[in-house]
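What follows is a short report on a single structure.
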Amino acid sequence: MSEYLFTSESVSEGHPDKVADQISDAILDAILTQDKHARVAAETLVNTGLVVLAGEITTHANVDYIHVARETIKRIGYNTSDLGFDAKGCAVLVGYDKQSPDIAQGVNEGQGIDLNQGAGDQGLMFGYACDETPTLMPFPIYYAHRLVQRQAELRKDGRLPWLRPDAKSQITCAYDSETGLPKRIDTVVLSTQHSPDISHDMLTEAVIEDIVKPVLPAHMLTAETKFLINPTGRFVIGGPMGDCGLTGRKIIVDTYGGAAPHGGGAFSGKDPSKVDRSAAYAGRYVAKNIVAAGLARQCQIQVSYAIGIAEPTSISVDTFGTNAIPNEKIVELVKRHFDLRPKGIIQMLDLLRPIYTKTAAYGHFGREEPEFTWEATDKAAALRADAGL
């Protein structure tokens, strides 16, 4: 049988871009704890010994931004100067402005041309789900996330004390060309920062035996599966000392690993009035419920918005030939069962809560945590009944 390959990557919480994402979302959560209607667009830059906080924030909350940044860095594991970046010693610069009043009047209810709560910007967002894994996520990104989660677990509990916070993973999966389903794992790449006193051979054996094999399904590993562990041979310098990190630079890691398109808007540091974030979460919720309902084995939804306008400017669905009913019918069901106006999304998914720091590493989707309301399949039964299936 013919097959094709598809690859997705993930990065650990200690990757510099993810450090920035987590600081941005920790600041968002600290603000939402005091002021759930705050407007937040918190951007972060991290580099050797330096954190820069900038963006637009309008709130009555009183937050010690420097303390939040340091505590986030400490939790991730950068707590010694040996790593070139540590929570106590780094400089933190703060430069937040307020949200533009021109934008605010389009988002605030009762202001602007559309008196409903309008979208915070124009843009397009995608949601996706498929039946490749129990959480209805694509196989490669799901397991790429699990690998770096396992790396962090073994680092933090001391079982592999030579591990350091920065790490990356990559899964190449072979798919059956006829069924479109995962067939075998072709290649596993895992690069992890480490202390200088561990040999490459010892590191490779420990990573394969203690990180890779406990995570990946044994039946998907074959004699031909390639394991590429720290393929440069050395990864001592890492984190913000090795690379500058920025909020919003891992948007494919955050979503579907390239298995679905991305509208381009990042998530972290943005309050839910920003449809870049909230509508992408709603898109995942819609797509996952469509697949869970058996309306399709694979579903991609696109929604788009105009700044200041509540109703989406478009809703479209693609099921890649796996649909049980016509796509046009699915779009009708989406409009009946899901309120995709910004305020409707916020209420539907209960988004005015300090839940976002947890989303900022290991993927925003495919994690069935209690806070991740967009992962629920509570609409599936109603969709299936309304579809007549």
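The backbone N, Cα and C atoms fix where each Cβ goes, glycine too.
The ATP binding site annotation in Swiss-Prot covers H15, D166, A167, K168, R234, F235, D243, R249, K250, A266, K270. For R234 (ATP binding site), the same-chain residues that are 6 or more apart in sequence and have a Cβ closer than 8 Å to its Cβ are H200.
Under 8 Å, Cβ to Cβ, and six or more positions away along its own chain, D17 (Mg(2+) binding site) finds V11, G245, L246, T247, R249, K250. Feature annotation from Swiss-Prot assigns Mg(2+) binding site to D17.
What Swiss-Prot lists as K(+) binding site is E43. Neighbour density for E43 (K(+) binding site): within 10 A of its CB lie 22 other CB atoms from the protein chains shown.
The number of other Cβ atoms within 10 Å of the Cβ belonging to D243 (ATP binding site), over all protein chains shown, comes to 16. When secondary structure is read from DSSP and collapsed to three states, D243 (ATP binding site) falls in the coil class. Residues or ranges marked as L-methionine binding site in Swiss-Prot: E56, Q99, D243, K274.
Swiss-Prot lists 99-109 with the feature region 'Flexible loop', giving sequence analysis as the kind of evidence. Computed over the region 'Flexible loop' (99-109), the whole-number mean pLDDT of the model equals 66.
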Using the alpha carbons only, what distance in Å do you get between E56 (L-methionine binding site) and E43 (K(+) binding site) once rounded?
9
D243 (ATP binding site) and E43 (K(+) binding site), Cα-Cα, nearest whole angstrom:
17
List the Cα distance (Å, whole number) between K274 (L-methionine binding site) and H15 (ATP binding site).
25
Around the C-beta of H15 (ATP binding site), how many further C-beta atoms are within 10 angstroms, looking at every protein chain?
28
